[in-house]
Amino acid sequence: MKRVSNVTMRKRLVTVFLLGILVFTIITIRLGYVQFVIGDELMNRAQESWSRDIIFEPERGKILDKNGEIIAENVSAPTVMIVPRQIKEPQKVAEHLASILDMSVKDAYQEVTKKASIVRIHPEGRKISEERADAIRTLNLDGVYIAEDSKRHYPNDEYLSHVLGFSGIDNQGLMGLELYYDDLLKGERGTLSFFSDAKGHRMPKMADVYEAPVDGNNLQLTIDSRVQTIIERELDLAEAKYNPDGALAIAVDPNTGGVLAMSSRPNFNPEDYQKVDPDIYNRNLPIWSTYEPGSTFKIITLAAALEEEVVDLHEDEFNDDGSIKVGGATLHCWKSGGHGHQTYLEVVQNSCNPGFVTLGEKLGAERLFSYINQFGFGQKTGIDLQGEENGILFKPEQVGPVELATTAFGQGVSVTPIQQVMAVSAAVNGGYLYEPYLADEWLDPVSGQTISKTEPTLKDRIISEETSEEIRNALESVVAVGTGRGAYVEGYRVGGKTGTAQKVGDDGKYMSNNHVVSFIGFAPADDPEIVVYLAIDNPKNTVQFGGVVAAPIVGNIMGDSLRALGVERREDGLEKEYRWPDEPLVEVPDLRGLTKKDLQEYLVNLSIEANGSGDYIIDQAPEPGVKIPQGEEIRIYFDEEKPD
Amino acid sequence: MFRKWGVFLSKSKQKSLNAPDLLLTISIFTLLIVGVIMVYSASAIWADYKFNDSFYFAKRQLLFAITGILAMFFIMNIPYLTWRKYANPILIVCFILLIAVLIPGIGLERGGARSWIGVGAFSIQPAEFMKLGLIVFLSTYLANNQKYITSFSKGFIPSLLLIFVAFGLIMLQPDLGTGVVLVLTCLVMIFVAGARISHFIGLGIIGLVGFLGLIISAPYRINRITAFLNPWEDPLGNGFQIIQSLYAIGPGGLMGMGLGQSLQKFFYLPEPHNDFIFAILAEELGFIGGTFILLVFLLLLWRGIRVSLAAPDTFGSLLGLGIIGMISLQVMINISVVIGLIPVTGITLPFLSYGGSSLTLTLCSIGILLNISRYAKL
């Protein structure tokens with residue numbers, strides 16, 4: 001053997017050994033990496049693969065109104081569970097299930113013969129009625145089980161539907177508050193996990209882990225169901241009377257921004273949301289629709305003019321001849337021929353367009369638009385609902401004399417109803433612009449204790465208390481003596497403003513005889529506790545004026561709501577000024593069968609023209625129940641005999 | 001204390017020979033004991049499910065281990081130079097077996113490969129014998145022709161040709177794992193025998209080109225590689241075994257879940273007592289248990305290299321190196337697969353994985369190594 005070769009071999013043997021150490025070192029490092037660095041992650045993944053979870057559904061939080069009345073809850077809705085291995089006669093079982101669950105026998109057969117340990121018939125067998133569940137229970141079929149489950153129930157049907165929204169079959173919020181607050185309402189699923197081997201058998205000696213479901217929190221709203229009921233009723237009536245394209249109403253507490261009521265038409269039943277056009281539930285009109293506000297917007301112009309002291313309502317005067325020339329264009333007043341000579345208070349009462357144009361001119365574009373922005377127009381109000389729109393204002397560089405003039409009386413701007421409500425609330429509450437909100441409190445579902453309460457969010461202070469008071473007084477006079485007389489409520493000092501907004505048609509021009517008529521009101525005028533906005537889109541068979549259609553409805557809403565809320569009656573309000581056709585009418589009494597002597601007590605208000613002779617009244621004209629102006633004559637016919 | 005070994009040694013040679021390497025023997029016994037325990041722990045669930053006997057595999061493994069040890073002691077007493085004499089016939093028999101296994105009817109097909117000859121428990125894997133046969137032959141050939149080893153055509157090429165014929169036959173079964181171990185073991189032997197480094201570099205380049213060629217010709221092969229790089233891309237296909245293996249090792253942590261507490265053996269890790277037994281070991285005994293076994297294997301390698309260094313002749317050196325190299329390479333490849341360092345190849349872990357023929361054969365080769373150690377000049 002050669003010596004040199006031997007040395008080489010020894011060197012190389014040592015080299016091989018060192019390489020071996022290197023490889024073992026790498027292996028050890030990798031082993032440490034797997035067990036320490038990515039060990040936890042692998043542990044989690046492995047546990048996921050070992051554990052089988054039986055899901056326990058939490059109960060979704062209830063939704064309550066301000067006074068604790070339930071407006072969304074859960075009701076038992078059983079679900080059919082099939083264990084295919086236990087079914088002996090699949091064809092028979094399939095036929096039974098198909099007839100009870102309204103499905104085809106073929107589909108049912110597929111379900112009951114599935115290769116799975118437990119089958120849930122989706123969707124026919126989920127959340128079925130108690131009647132159906134009983135029908136299945138009675139059959140007592142092997143391998144068919146009825147499992148408890150719950151579904152969302154809205155006891156008042158269409159009531160508040162757009163605000164509430166709805167939740168889907170897995171109790172997941174899909175729309176409205178149900179969606180917006182889904183995370184808090186839905187709770188957390190519970191699980192019973194047991195470790196299983198890869199063949200699905202429970203592993204021996206491994207403890208089950210139970211995590212109880214956490215029920216969702218109850219949501220108490222700012223909505224007052226009494227006010228909401230009134231609004232729903234009035235909208236139903238308006239819908240029946242005017243067959244409008246749409247209608248909406250909002251009531252808020254101007255001192256917090258809390259929404260007391262909100263509704264719109266067309267609406268839907270949240271439990272049957274699939275049955276209506278998605279556009280109906282996707283469009284929550286009070287926050288989604290944008291249109292030219294019309295005269296209700298004049299409140300903003302008025303607020304700006306008063307705060308900037310460019311006008312004195314009582315001293316300054318304006319002569320309206322029916323139109324005004326601005327930058328070469330002629331803008332007409334809604335009243336042909338104009339309102340003639342007026343103080344600016346009368347300009348407000350008459351909703352005189354040329355008068356407001358002069359207010360806009362006195363302010364100038366920069367100041368007017370600065371107020372419009374401050375009042376929150378052109379941006380979302382931030383209400384806790386999805387699907388709110390911004391509205392559109394003229395861009396500063398677009399504003400010429402005509403744009404300034406039309407904006408001043410509410411044309412050429414596009415706003416949402418909720419923006420108007422919040423802006424007017426700020427105008428009458430002393431200048432405080434609040435963020436509107438619906439979720440007032442979160443309550444523990446078990447103890448009922450308050451978990452959190454929403455504090456009103458003050459966004460801005462825009463005008464002074466003095467200006468605000470002046471606006472309230474001016475708007476109270478609009479209702480007492482101006483265009484808003486329909487909204488007058490005896491003893492509650494209602495203030496407000498009518499609006500009749502033109503709509504832009506598909507051709508980009510204003511449509512004729514198709515308006516959004518609206519009214520925004522508040523009460524009591526000395527310390528407003530409620531602001532109500534109502535808009536009716538294209539009412540039929542009527543004069544499309546806000547004062548005619550919308551104001552009386554708001555009057556009804558106001559009167560009933562203020563009484564329901566227990567607001568104290570006021571003594572010192574402005575008296576309503578009656579004008580034709582506002583003079584109170586007298587109902588013709590039924591005088592037939594009375595004697596001359598009985599007639600004495602009716603003579604106070606009526607003038608009688610008597611015909612015939614005798615003691616008994618046998619007929620009268622007009623008929624009983626007909627309304628006639630005071631002092632009008634009633635003709636009566638006498639006879640000797642008492643009529644039958 | 002070395003005298004104690006005398007009971008196993010034939011008296012005639014006792015005076016002139018050393019006792020066999022003690023540390024080597026201790027590490028073998030340690031591995032065997034851990035092996036039988038781990039085979040039991042890993043296979044109990046599977047065995048109970050399949051044979052209604054949780055000890056089914058453990059009992060057999062114990063039997064193989066005892067048989068193997070007896071064989072080891074027997075071979076330990078056969079002077080290693082005997083193998084040099086029979087190197088050629090051994091190689092020829094091995095080749096015959098390797099060809100025979102490919103013939104349907106003789107070779108048994110198991111798991112998509114035709115690797116076994118024989119009946120039931122008495123079946124053998126010719127490729128396993130080929131590894132040992134080739135090591136014996138190559139040691140003889142290289143010792144006889146050491147002066148040519150630096151020559152490309154007379155030393156390097158003939159050895160390579162022989163290796164690649166054997167490799168080719170094994171790949172026809174196919175049995176990539178055994179083939180790779182065989183080639184790498186032989187290359188280590190040629191390297192230690194004194195072949196030029198430049199030849200290896202050339203070989204490396206050819207190998208790389210061939211590897212790329214294989215991938216280009218059949219792109220599906222790349223899947224096996226990507227599977228090990230990111231097994232979660234195909235968790236139910238190529239990545240399945242490695243993911244299940246990592247799910248065992250990862251949760252093991254430092255101390256492990258405790259002996260017998262593996263969860264992955266519950267049918268998650270396929271045949272946990274075979275190729276992936278190290279994963280169950282790392283799950284139950286943790287990083288401490290894993291590194292302990294690695295250290296024992298390193299100890300084995302050290303003693304083996306030491307025997308090789310101290311062997312009285314070149315044949316002994318190369319034979320010892322071949323044996324310890326074969327075992328160590330198998331250990332490195334198996335564990336690297338299990339911990340996700342290299343793609344899955346299908347190699348058992350010596351001494352620990354369940355399997356009779358390979359355990360017996362490994363112990364026989366250790367017997368040869370121990371015999372060499374008795375002639376070592378330390």
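Placed from the backbone N, Cα and C atoms, the Cβ positions cover glycine too.
Those TrEMBL annotations? Automatic predictions, nothing curated.
The annotation transmembrane segment is assigned in TrEMBL to B:21-42 (among others).
The list of residues near the transmembrane segment (B:62-83) in space but at least 6 beyond its ends in sequence, with Cβ under 8 angstroms from a Cβ of it, reads 8-10, 13, 20, 28, 32, 35-36, 90, 136, 140, 315-316, 319, 355-356, 359-360, 362-364, 366-368, 370-372, 374-375. For B:62-83 (among others), the entry in TrEMBL reads transmembrane segment.
Sequence-distant contacts of the transmembrane segment (B:90-108), counting only residues of its own chain at least 6 positions beyond either end whose CB sits under 8 Å from a CB of the stretch, comprise 83, 114-118, 123-127, 129-130, 133-134, 136-137, 166, 169-170, 172-173. Taken from TrEMBL, the feature transmembrane segment applies to B:90-108 (among others).
Summarising the annotation, TrEMBL assigns transmembrane segment to B:120-143 (among others).
Marked as transmembrane segment by TrEMBL: B:155-172 (among others).
The transmembrane segment annotation in TrEMBL covers B:178-195 (among others).
Residues or ranges marked as transmembrane segment in TrEMBL: B:200-222 (among others).
Residues of the same chain lying 6 or more positions beyond the ends of the transmembrane segment (B:276-302) and with a Cβ under 8 Å from any Cβ of it are 23-24, 27-28, 30-31, 34, 38-39, 41-42, 241, 244-246, 248-249, 251-265, 269-270, 324, 327-328, 331, 334-335, 338-339, 349, 352-354. Annotation comment: TrEMBL describes B:276-302 (among others) as transmembrane segment.
Residues of the same chain lying 6 or more positions beyond the ends of the transmembrane segment (B:314-339) and with a Cβ under 8 Å from any Cβ of it are 80-81, 83-84, 131-132, 135-136, 138-140, 142-143, 146, 177, 180-182, 184-186, 188-189, 192-193, 242, 245-246, 249, 275-276, 278-279, 282, 294, 297, 300-301, 303-305, 307-308, 345, 347-350, 353, 362, 365-366, 368-369, 372-373, 375. Marked as transmembrane segment by TrEMBL: B:314-339 (among others).
Per TrEMBL, the feature transmembrane segment maps to B:351-372 (among others).
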Given the transmembrane segment (B:21-42), which of the listed stretches B:120-143, B:155-172, B:178-195, B:351-372 has the most Cβ pairs that are under 8 Å apart from it?
B:351-372
Which residues of the chain, 6 or more past the ends of the transmembrane segment (B:155-172), have a CB below 8 A from one of its CBs?
95, 98-99, 102, 127, 130, 134, 137-138, 141-142, 145, 148-149, 178-179, 182-183, 186-187, 190, 195-196, 199, 203
